[in-house]
Structure formats: C-alpha cells, structure tokens
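Down below is the structure, laid out as structure tokens.
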Amino acid sequence: MATGNTSSVAEFILVGLTDQSELQIPFFILFLSFYVVTVVGNLGLITLIGLNSHLHIPMYFFLLNLSFIDLSYSTTLTPKMLVGFILRKNIISYEGCMTQFFFFCFFVFSESYILSAMAYDRYVAICKPLLYRVTMSPQVCSYLLSGVYGMGAFGAVAHMGNLQFITFCADNIINHYMCDIIPLLELSCNSSFINLLVVFVVVTIGIGVPIVTIFISYGFILSSILHISTKEGRSKAFSTCTSHIIVVSLFFGSGAFMYLKPPSSLPLDQGKVSSVFYTAVVPMFNPLIYSLRNKDVKIALKKTWSRKIFL
C-alpha cells in the first residue's frame with residue numbers, strides 16, 4: 001500500500017464538515033449556492049475589468065488578480081467538500097490530498113500578499129497622488145504581482161517540504177473537509193514540536209508580514225486623511241479604502257483565528273468552522289463587496305449591460 005517514502009497509506013477519508021446526516025443535504029444546497037455565487041461573482045468581476053478600459057489601472061489590476069485567486073482556491077476545495085455531503089464515505093487519494101493541499105497553500109498565501117499589494121497601492125494613491133502613475137507603473141505592478149505569486153509558491157513548497165518528514169501510518173481518517181496541515185500532522189506517527197514550529201513560522205510569514213505591511217500602509221493613509229482640510233475630501237479618500245479594509249478584516253481575522261494559536265488551544269471541529277469562513281464565505285463576499293461599494297465598478301457594469309442590450 002505504500003505510495004512513497006513518507007506514507008504507508010494510499011488514500012485518506014475526509015470526515016467532512018459534519019457527521020449529522022440530517023444536515024448533509026441542507027449544507028450541500030447552502031455551499032453549492034455559495035460556490036455558484038463565488039464563480040459568477042469573481043468571473044463577472046474579471047470580465048468586467050477586462051472589458052472596460054477605464055478600469056485598466058493598478059487598483060483594478062490587483063482586484064482582477066484577487067478575483068482570480070479567490071475563484072481558484074474556492075474551486076480547489078469546494079467541489080470536494082460538496083461530494084462529501086452526498087457520499088457516505090468521502091475518499092481522496094494520497095496524491096490527490098497532497099495536490100489539493102499544495103494549491104490551497106499557494107492560493108491562500110497569494111491572497112495574503114495580493115491584499116498587502118492592494119494596501120500599498122492605496123497608500124501611494126492617497127499619500128503620493130502626484131507620483132502615483134510613476135510609482136505604480138506597469139513594471140512596478142508586474143514586480144509586485146511576481147512577489148505575490150512567488151510568496152504563494154514559497155508557502156506551498158515550505159508546507160509540502162514539512163510534510164515530507166512525517167510518516168502516515170494506519171489511521172487515514174482526516175477530521176476535516178479538506179487536506180490541511182494541522183489535521184494531517186495529527187495523523188502522523190512521527191510529527192514533532194519542530195513540525196508544528198515550522199507550520200507556525202511559515203504561517204506567520206504568510207499572514208504576519210502582509211498584516212504588518214497593511215497596518216503600516218494604513219497608518220500613513222490615516223495620517224494623510226487627517227491632514228485633508230475638507231470633510232468631503234476626507235470622506236472621499238477614506239471611501240476608496242473601505243472595501244479593502246472589510247476584505248482584509250474578513251480574510252485575516254478568520255485565518256489568524258485558525259492558525260496563529262497554540263496547536264492544542266482550538267479543537268479541530270471549531271477550526272473547521274473558521275476555515276469554512278475564509279475558504280467558502282470570503283471568496284463569495286469579495287466581489288460583492290467591491291461591486292456594491294465601488295462607484296467605478298457600478299458604472300462599468302451599467303456601460304457593459306447597456307452595450308449588451310444595444311447589440
């Protein structure tokens with residue numbers, strides 16, 4: 001049954017979100033609805049930005065990539081979770097589990113850093129408006145995006161490397177609806193404090209560094225807003241940041257609650273609820289938040305809709 005040097009199991013069984021049979025169908029309908037809204041919302045936002053030239057500026061360049069990341073990591077996890085609500089035994093192969101975990105890490109780390117890049121963009125737009133076009137040139141935006149996906153690759157490779165040093169023995173039941181690092185470590189025969197320490201360090205880099213960057217950016221932004229003489233000017237400057245602040249709070253709040261804690265302080269069942277929030281709910285809300293609270297997106301939507309009706 002060995003599938004490699006680090007495991008004596010060929011497959012895992014995902015327990016899922018709940019073992020209460022009466023909740024399976026309602027949860028299936030609920031999360032299928034979440035996923036449909038996520039796909040339609042994020043694909044819609046990507047299409048809208050692509051079709052409207054006045055949205056081809058750094059702010060919406062990063063927003064397009066945020067939508068792509070949200071759509072990708074939701075697709076990495078949600079279909080398998082939906083299968084678990086229907087099948088009595090939700091089985092995933094060892095290779096499938098490792099693949100799901102790799103892409104989950106890649107997109108979650110990428111989302112952390114795309115949100116910090118968006119905070120930097122808002123900092124330049126508000127604090128250095130006369131230098132905005134120069135500072136946020138296409139070349140700079142490309143460098144920032146390369147850093148975003150580079151850190152995504154770093155997080156995925158670091159976590160996968162950590163798993164290469166543990167052995168999975170007879171027990172192959174994962175108390176989760178996805179392959180995640182904490183429940184996988186709980187199944188291992190030889191995981192140690194070092195493995196947990198690596199998890200904490202890698203997640204701190206993935207969450208802590210972007211959070212510090214965002215706090216510093218908004219510290220400068222707040223200082224600049226307070227120096228604006230008119231109330232209307234302060235309101236307009238702050239309104240350009242509110243959508244991003246809401247998205248940051250939802251994503252990092254739920255992620256930090258799940259990972260930046262002592263390993264034994266949060267039961268896995270509670271951890272599953274927290275992970276549902278940032279893997280299923282946040283990707284659904286992000287395009288809605290940016291669509292409903294963004295004047296430029298509303299105008300682009302009206303123009304695109306009018307163009308479609310005319311054609």
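Glycine too: its Cβ is placed from the backbone N, Cα and C atoms.
Whatever TrEMBL says is automated annotation, not expert-curated.
The annotation transmembrane segment is assigned in TrEMBL to 25-48 (among others).
Restricting the average to the domain 'G-protein coupled receptors family 1 profile' (41-290) gives a pLDDT of 86. Feature annotation from TrEMBL assigns domain 'G-protein coupled receptors family 1 profile' to 41-290.
Taken from TrEMBL, the feature transmembrane segment applies to 60-78 (among others).
Annotation source TrEMBL lists transmembrane segment at 98-120 (among others).
Listed by sequence, the residues of this chain that lie at least six past the ends of the transmembrane segment (140-158) yet keep a Cβ under 8 A from its Cβ atoms are 58, 61-62, 65, 102-103, 105-110, 112-114, 117, 120, 198, 202, 205-206. For 140-158 (among others), the entry in TrEMBL reads transmembrane segment.
The transmembrane segment feature in TrEMBL is assigned to 193-226 (among others). Beyond its flanks by at least six residues, the transmembrane segment (193-226) meets 108-109, 112-113, 115-116, 119-120, 122-123, 126-127, 151, 154-155, 158-159, 162, 165-166, 181-182, 185, 234, 237-238, 241, 245, 248, 252, 255-256, 259-260, 263 of its own chain at Cβ-Cβ distances under 8 Å.
Among the features that TrEMBL reports, transmembrane segment is placed at 238-260 (among others).
What TrEMBL lists as transmembrane segment is 275-292 (among others).
Listed by sequence, the residues of this chain that lie at least six past the ends of the transmembrane segment (275-292) yet keep a Cβ under 8 A from its Cβ atoms are 17, 31, 34-35, 37-38, 41-42, 44-45, 63, 66-67, 70-71, 73-74, 77-78, 81, 104, 108, 176-178, 180, 243, 246-247, 250-251, 254-255, 258, 298, 301.
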